[in-house]
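Undergrad: Sharing a structure with you now.
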């Protein structure tokens, strides 16, 4: 049952690499980056450098690069050269380069990557205007072919002279084409790249990002730095998302090798909601990826001794389990119910019954079958309850417990989804369940399981218990612990941590956020204050949930403090590990905190709810979302909340603002 193969993300060669020397043979061997501009509206990155030779000669160089967004195999770069204290001739040689092999330093941090060896890069073709490289991995021999061509003057040499004596900026442009994995000679080496390619890629990128912001524009008034941080977070989230049904969103996106490029539950619970409400085709593709891994999930369930259903991998790239530490990895069976929850949310918002029939229902059915076989009945007095033993919930500081509340609540929802979506399929196709091999008797059985899932509750504390034993453990003195002892997993053995009542992140409270109808405002207050006292927030997934619930409870200022940590986490390196890559789930969490927290958004029984919890530090919050075929614009100020339709039909579902049902109108432009 242990992971059999090492899966990891590998960097492509550095496409921006360039060799610059004076015509007298002095190489510019040192560089200082003086400025970086990332245009969030166009996706263009511009960097400014001062280059210097060992002889002290200096020039200025700018590097403008852009990635194709619909033409995803293409990347282009434009170099600008300007005289510094040196104003003579240059010789510029454009290449690509594989970074030198890094030293693998021992680390107790499980979040860091294990060095797998950099890919091998071979030059397989070279002409005056085109270079071809073959890049392959060392173990599996997976490969891609890369082409580098000149754009400034098609047909010219990749090695170019530049004269800086006129003290004006001279530009050289190049394009890179990356072929499909495993294919070679995907373009004709005899054909030069067109001179218009750079402009075309810039247009492609600009159009893509214009569409992104049209769908999901967010404006935060009263704090320009915060507004920029939110836009940066959403930019990175969009840039990292798989769009082809074969890829997903890595925990660090494409920004670093932390967690080795693996996909976790982070996608479904923290990142996918943003796409469900703003870019439904992309949300669909992210779920299609999970469907593509269903065969591996079925096999995984059998490997772990469960004779039916499917268990999705806790961390993976290719669908097979990559987690080596089972107590806080594989034992997080809730991944199944997380994926089912996401499928249900996608359908609730899109009404995409074709996806449910083709992919979604099968995933929900197979995960429900897993819970059915994995759980067990327990007699308590004259009643029976359905329980799940030896599991780990979202809180990775509490492992291998019985009846984790979050796990049980999500499994209950998984059973309920089977019943609900089966009825939805039958509405459009009376024979629609035949291919799944179930009938009304099976549906009734799942409903019975849902009604009997045990949800632990402490009558003494009057709160939902995180699991059967959590509340009886001695408390870890979180408030008295010094900052240098966090995160705990880097300073204490896991078995030490497991003995205590201490949470790495929101666990039971995450279920409270997902199912607000489950408990009264008074119980939410009790649970929030109890679990806040035992939570370290060592996980980047924690603060956004605490922000949302604080805002919903009316403690808006506390919600704002948690939100600021969420929104700026990577920009200020709050977790002290941004060097390993951005915290992508937290980026999604920052959007959730705005939308589900400060605007109180949630959907229940085909009614969309908004409640104004705007903190005093902000003058307004405006954002867009799409529900069914209607694009809504929501605006909050200190005194009013408005919801208007900016495109699509007037929706048929209900809309509630601050507890009152309202009638929507189209925005007049």
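Along the chain as shown, the residues are counted starting at 1.
Each Cβ is built from the backbone N, Cα and C atoms, and glycine gets one as well.
Per TrEMBL, active site, proton donor is recorded for 396. The feature substrate binding site is assigned by TrEMBL to 265, 266, 504, 505. Sequence annotations record features per position, and here TrEMBL assigns domain 'Glycoside hydrolase family 65 N-terminal' to 1-151. Annotation comment: TrEMBL describes 232-591 as domain 'Glycoside hydrolase family 65 central catalytic'.
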Undergrad: Checking the binding-site residues 265, 266, 505, which are within 10 Å of the residue listed as 'active site, proton donor' at the Cα level?
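TA: Close binding-site residues: 505.
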Undergrad: Taking the residues 265, 266, 504, 505 listed for substrate, what is the greatest CA to CA distance in Å, to the nearest whole number?
TA: 16
Undergrad: Restricting to the same chain and to sequence separations of six or more, state which residues have a Cβ under 8 Å from that of residue 505 (substrate binding site).
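TA: Long-range Cβ contacts: 394, 395, 396, 535, 537, 538, 539, 541, 542, 545.
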Undergrad: Summarise the model's confidence over the domain 'Glycoside hydrolase family 65 N-terminal' (1-151) as a mean pLDDT value.
TA: 85
Undergrad: Other than 265, 266, 504, 505 themselves, what residues in this chain have Cβ atoms within 8 Å of the centroid of the substrate site's Cβ atoms?
TA: 264, 394, 396, 539, 541, 542, 585
